[in-house]
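Taken from Swiss-Prot as is:
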- VAL85, GLU97, SER98: glutathione binding site (BINDING)
- 32-113: domain 'GST N-terminal' (DOMAIN)
- 118-241: domain 'GST C-terminal' (DOMAIN)
- 1-27: region 'Disordered' (REGION)
Amino acid sequence: MAAAAAAPASSEKEVLPPSLTSSSEPPPLFDGTTRLYVAYHCPYAQRAWIARNYKGLQDKIKIVAIDLADRPAWYKEKVYPENKVPSLEHNNQVKGESLDLVKYIDTNFEGPALLPDDSEKQQFAEELLAYTDAFNKASYSSIVAKGDVCDEAVAALDKIEAALSKFNDGPFFLGQFSLVDIAYVPFIERFQIFFSGIKNYDITKGRPNLQKFIEEVNKIHAYTETKQDPQFLLEHTKKRLGIA
């Protein structure tokens with residue numbers, strides 16, 4: 001069975017709160033409100049944010065944005081001792097780790113399923129989720145390295161291209177949109193920007209499946225609502241990675 005269609009998108013763009021800083025007061029913690037703590041430019045937080053949007057939980061899960069450059073002390077002391085984003089405050093508990101949160105949101109809240117019933121697709125999903133860190137490492141390493149795009153990054157992108165051809169019932173990793181796409185798209189979004197802006201390299205050239213994936217995922221409102229300005233992401237990352 002294919003994953004269900006996304007919850008109907010509101011015609012109005014969600015008004016997002018400003019990021020909280022070291023001088024900001026905390027929200028009324030553990031008052032029964034479910035809160036997703038994010039940083040707007042963080043790809044890991046973006047995963048959980050997309051899942052929340054896709055399942056139509058904008059009224060059930062409140063976004064709380066944290067300024068990672070000027071974090072409020074109460075976030076580590078009272079919310080999430082790991083002091084990272086994303087985290088989810090739900091049922092008087094706080095949970096973290098982005099892929100775990102995507103699965104948790106899918107399991108514990110109503111809305112369209114993020115994983116199909118098909119056992120072959122479920123197995124492939126786990127293989128792809130296990131590969132995310134290696135894909136990200138290969139890509140970021142190449143961005144930082146001097147010279148042309150390294151062989152490891154090319155191989156990683158080619159692996160994604162091949163993975164996107166496994167199921168022919170749609171343009172996404174499992175055919176239809178799923179948690180696997182949610183795991184990868186924040187990073188594919190960034191690598192397209194970074195490889196172009198830093199290495200003058202088009203990640204979609206010679207990769208028609210990846211090109212189609214990017215085109216189709218940008219038609220999904222739950223994702224596009226979470227996108228940040230490409231130039232900001234490029235400059236922010238160049239500064240963070242020490243790239244002139």
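Every residue gets a Cβ built from N, Cα and C, even glycine.
Since we're looking at a predicted model, the values are computed, not measured.
Shown here: features listed in Swiss-Prot, placed on the structure.
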residue : record                   : Cβ neighbours (10 Å)
VAL85   : glutathione binding site : 25
GLU97   : glutathione binding site : 17
SER98   : glutathione binding site : 25
Checklist entry - Relative to the mean position of the Cβ atoms of VAL85, GLU97, SER98, the recorded glutathione site, which additional same-chain residues have Cβ within 8 Å? => result TYR44, ALA45, ARG47, ALA48, LYS84, PRO86, SER87, GLY96, LEU99, ASP100, LEU101
Next on the checklist: Through the lens of DSSP with three states only, how would you label GLU97 (glutathione binding site)?
Outcome noted: coil
Checklist entry - For the glutathione site made of VAL85, GLU97, SER98, how many Å separate the two farthest Cα atoms? => result 8
Checklist outcome for this item: Residues in the domain 'GST C-terminal' (118-241) per DSSP class, helix first, strand next, coil last, are 86 helix, 4 strand, 34 coil
